[in-house]
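The block underneath contains the structure these notes are about, expressed in structure tokens.
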Amino acid sequence: GASAGRAGLTSSQSPSLSAGLAPPAAPLRGSSSSSAMQANGAGGGQQQPPPQGALKKKKRLSQSDEDVIRLIGQHLHGLGLNQTVDLLMQESGCRLEHPSATKFRNHVMEGEWDKAENDLNELKPLVHSPHAIVQCRILRYCGGLHTAIECHGNTVVDRMKFLLLQQKYLEYLEDGKVLEALQVLRCELTPLKYNTERIHVLSGYLMCSHAEDLRAKAEWEGKGTASRSKLLDKLQTYLPPSVMLPPRRLQNLLRQAVELQRDRCLYHNTKLDNSLDSVSLLIDHVCSRKQFPCYTQQILTEHCNEVWFCKFSNDGTKLATGSKDTTVIIWQVDPDTHQLKLLKTLEGHAYGVSYIAWSPDDNYLVACGPDDCSELWLWNVQTGELRTKMSQSHEDSLTSVAWNPDGKRFVTGGQRGQFYQCDLDGNLLDSWEGVRVQCLWCLSDGKTVLASDTHQRIRGYNFEDLTDRNIVQEDHPIMSFTISKNGRLALLNVATQGVHLWDLQDRVLVRKYQGVTQGFYTIHSCFGGHNEDFIASGSEDHKVYIWHKRSELPIAELTGHTRTVNCVSWNPQIPSMMASASDDGTVRIWGPAPFIDNQDIEGKITSIYI
């Protein structure tokens with residue numbers, strides 16, 4: 001009866017609880033036998049005979065069982081279900097945390113700093129435990145200052161004491177008790193001879209004229225539960241988990257499990273949300289391939305010859321396609337249905353259009369032709385008017401272009417040795433002699449231009465200080481390349497080799513993707529999906545290949561085109577939309593499976609590698 005009473009229930013109110021508590025609970029570890037007897041209602045009066053089966057010896061819990069019970073107890077405690085926690089600990093014979101740690105926690109949360117300091121002395125022997133989270137030299141962040149500390153012996157206790165006294169000092173200051181705060185600073189913090197730089201910073205807070213100023217300068221929440229809870233979280237890292245569990249340990253474990261499952265999910269293509277409320281913990285995370293852009297949503301047939309290039313605008317609302325038929329077509333993406341409709345046709349590219357680049361603000365696009373084309377066209381997308389038709393020399397070959405991030409300049413070049421920087425009116429700003437350019441890209445620093453050349457390499461060219469350096473060296477011609485949004489990774493289509501991923505910072509080949517057929521045609525691949533986790537490329541075997549960035553084997557092969565697929569473009573704002581352009585004269589728009597029988601869909605996944 002007394003056991004159930006701890007949860008505020010009598011046996012008559014909760015028969016199931018009383019039945020479950022009938023066997024005498026094992027004493028709490030670290031408690032005396034008398035207290036254990038009182039907890040079981042055996043401290044006074046006549047002990048009731050145990051029900052049948054209660055004399056069975058209680059099975060000893062394994063270490064993992066104890067850990068799980070403590071994790072559940074901590075979580076329930078965080079929800080305010082303290083009576084349930086007491087009941088769980090009593091019946092299991094476990095202890096949520098060391099009694100000294102409980103005292104310490106309560107005194108910190110109540111702001112009883114002298115008592116909390118005394119508790120530290122009781123905890124001192126436990127700090128030396130080999131199971132403490134902080135044992136070696138680490139970098140710890142505290143109050144806006146990174147401080148390297150030796151975390152062992154007395155230094156750990158000093159560190160904990162320093163954190164306590166810092167909170168005490170700040171609370172005195174907020175309360176306007178400047179003399180008391182000064183006393184803490186001079187007579188308690190300074191004698192520790194620990195982190196003198198931080199003490200100098202703390203002394204500066206004495207000049208704060210009001211509490212808001214103090215909180216802003218100290219980057220501190222102010223006196224109360226929020227700042228004390230944060231303080232406790234920091235202090236807990238210095239105690240072994242057997243004494244005091246790390247904060248929110250169960251939630252952290254669950255979050256790690258969810259993140260790992262997402263990382264292993266081949267088709268995960270939604271915005272990352274680290275909140276546990278966004279997922280079900282009752283089933284494993286899995287994304288269906290039907291949600292992935294593997295199914296033909298639309299076939300655009302307005303071009304009347306081979307389609308050499310396609311590119312979505314930066315805002316994802318338009319698609320530009322270039323063809324051998326001498327036109328660029330601008331398509332409008334419907335934000336609701338994700339269907340495309342013809343918006344404008346830009347004509348007059350006598351040699352055909354093999355490359356297109358959108359300006360950063362999507363107001364302009366530049367179109368280039370194949371090897372024997374010496375002209376490029378700069379179009380105003382809004383009006384459909386040709387702003388500039390540029391040609392420096394009839395002997396030039398301007399086959400590639402890239403916009404400077406400022407949107408006011410672009411670079412262009414070709415394999416005959418031209419490499420120009422121009423303004424929006426086609427005026428030549430700079431030129432670089434003797435570089436036979438295959439493909440170009442401007443980095444976000446606004447200075448560096450990456451260019452692949454006929455020497456099977458990618459070099460970085462700085463137009464400001466006129467320096468260049470080697471970044472990537474391949475053994476075969478680099479037909480095209482593209483750069484990830486963060487500027488770290490380069491995706492190359494290499495003649496006879498396929499698709500290669502390079503780390504530009506470390507200058508190393510990261511991965512070679514398998515499956516694609518790549519000869520000496522220029523094929524353009526792309527990054528795509530949320531967080532650019534995926535890679536897609538066309539192929540000379542008429543297919544579109546998709547890989548997860550971490551895996552060399554394709555996760556999907558998309559069929560439907562009947563000739564070489566020259567280019568793919570993933571919509572940067574709609575992760576479930578992708579376009580592909582082919583020599584068969586069509587552009588295919590790929591998306592999730594529609595709400596019809598998948599067997600009836602023309603253009604679908606033909607094979608999946610796991």
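From the backbone N, Cα and C atoms, a Cβ is placed for every residue, glycine too.
According to TrEMBL:
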type	residues	note
COMPBIAS	7-40	compositional bias 'Low complexity'
DOMAIN	97-180	domain 'CTLH'
REGION	1-61	region 'Disordered'
REPEAT	300-334	repeat 'WD'
REPEAT	346-377	repeat 'WD'
REPEAT	558-590	repeat 'WD'
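When the repeat 'WD' (346-377) is classified with DSSP, helix, strand and coil residues number 0 helix, 12 strand, 20 coil.
When Cβ-Cβ distances below 8 Å are used as the criterion, the repeat 'WD' (346-377) is approached by residues 305-306, 308-311, 313-315, 317-318, 320-330, 384, 386-403, 405-407, 410, 412, 414-415, 424, 522 of the same chain, each at least six residues removed from its ends. Note on the repeat 'WD' (300-334): mean pLDDT across this stretch is 97. In the repeat 'WD' (300-334), the DSSP tally of helix, strand and coil residues is 0 helix, 19 strand, 16 coil. For the repeat 'WD' (558-590), the number of residues in each DSSP class (helix H, G, I; strand E, B; coil) is 0 helix, 16 strand, 17 coil.
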